[in-house]
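S.K.: Next up is a structure, given as structure tokens.
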Amino acid sequence: MDLHVRYEGDDDPDKCTARKLARFDLAELHRSDRATPYGVVLNPHAERALSPADAAGDGDGSAEGPLVALDCSWESAGEARFSLPGEHRALPYLVAANPVNFGRPMRLTTVEALAAALCIFGEDDGAERILSKFTWGETFLELNEEPLRRYADCADSADVVAVQGEYLDR
Ligand SMILES: C[S@@+](CC[C@H](N)C(=O)[O-])C[C@H]1O[C@@H](n2cnc3c(N)ncnc32)[C@H](O)[C@@H]1O
């Protein structure tokens with residue numbers, strides 16, 4: 001599945017996970033909303049949770065459109081920043097493994113968010129491929145092994161929200 005990133009460039013370029021993915025040709029960066037392709041936009045403010053139903057269901061596990069993330073600093077990642085055209089979806093409860101926000105729920109880097117979406121779509125190989133470029137990448141899959149497997153088994157967004165509720169209640 002193609003991975004695209006709307007790249008704001010307001011975060012530390014040395015720590016930017018999207019830039020690293022682009023260096024390895026694993027994602028394409030776009031400098032404006034207009035240049036960014038329409039797709040499934042990973043947006044923590046979205047009302048609807050991402051689920052396997054957002055994938056195409058044509059049998060090969062590939063999604064309807066490309067996955068799109070917005071790479072900007074968390075300080076500037078307010079709702080208004082997510083003006084990209086596309087189907088906006090929030091990821092359900094997951095824990096970050098990156099060194100800046102280790103153990104913190106929902107504060108995922110761009111690569112963690114893209115990898116989580118790939119897992120929910122059943123594309124585990126793609127998730128492992130992009131995370132393999134980061135020393136802590138495998139830890140993300142280990143920390144979230146159970147919720148990712150359960151989200152991937154859900155039929156739709158409502159199911160995902162129900163499973164997420166079990167983790168939020170703990
Ligand atoms: C705010 S940026 C920070 C990126 C960071 N500078 C890096 O180097 O990876 C992280 C992006 O990942 C996606 N993301 C992170 N957590 C998410 C969540 N809970 N739901 C949906 N998307 C999420 C969004 O596209 C978000 O804008």
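A Cβ is built for glycine as well, from the same backbone N, Cα and C atoms used for every other residue.
According to TrEMBL, the record shows the following:
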BINDING   T17, L70, L91, T110  S-adenosyl-L-methionine binding site
DOMAIN    1-34  domain 'RNase L inhibitor RLI-like possible metal-binding'
DOMAIN    40-168  domain '16S/18S rRNA aminocarboxypropyltransferase Tsr3 C-terminal'
S.K.: So which other residues, same chain and not among T17, L70, L91, T110, have a Cβ within 8 Å of the centroid of the Cβ atoms at the S-adenosyl-L-methionine site?
M.R.: V5, A18, L42, A69, D71, L108, T109, V111, E112, A113, L114
S.K.: Per DSSP, to which secondary structure element type does L91 (S-adenosyl-L-methionine binding site) belong, with helix, strand and coil as the options?
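M.R.: SS state of L91 (S-adenosyl-L-methionine binding site) = coil.
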S.K.: Do any residues at least six apart in sequence from T110 (S-adenosyl-L-methionine binding site), in the same chain, have a Cβ closer than 8 Å to its Cβ, and if so which, in order?
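M.R.: For T110 (S-adenosyl-L-methionine binding site), the qualifying residues are V5, C16, T17, A18, L21, A69, D71.
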S.K.: Tell me, how many other CB atoms lie within 10 A of the CB of T17 (S-adenosyl-L-methionine binding site), whichever protein chain they belong to?
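M.R.: There are 26 of them.
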S.K.: Look up T17 (S-adenosyl-L-methionine binding site) in the DSSP assignment and reduce it to helix, strand or coil.
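M.R.: DSSP call for T17 (S-adenosyl-L-methionine binding site): helix.
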S.K.: Max CA to CA distance in Å over the S-adenosyl-L-methionine-binding set T17, L70, L91, T110?
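M.R.: Comparing all Cα pairs, the maximum is 18 Å.
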S.K.: So, in DSSP terms, is L70 (S-adenosyl-L-methionine binding site) helix, strand, or coil?
M.R.: strand
S.K.: When you measure from the Cβ of L91 (S-adenosyl-L-methionine binding site), how many other Cβ atoms are you left with inside 10 Å?
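M.R.: Its Cβ has 22 other Cβ atoms within 10 Å.
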S.K.: In the domain '16S/18S rRNA aminocarboxypropyltransferase Tsr3 C-terminal' (40-168), how many residues does DSSP assign to helix, to strand and to coil?
M.R.: 55 helix, 18 strand, 56 coil
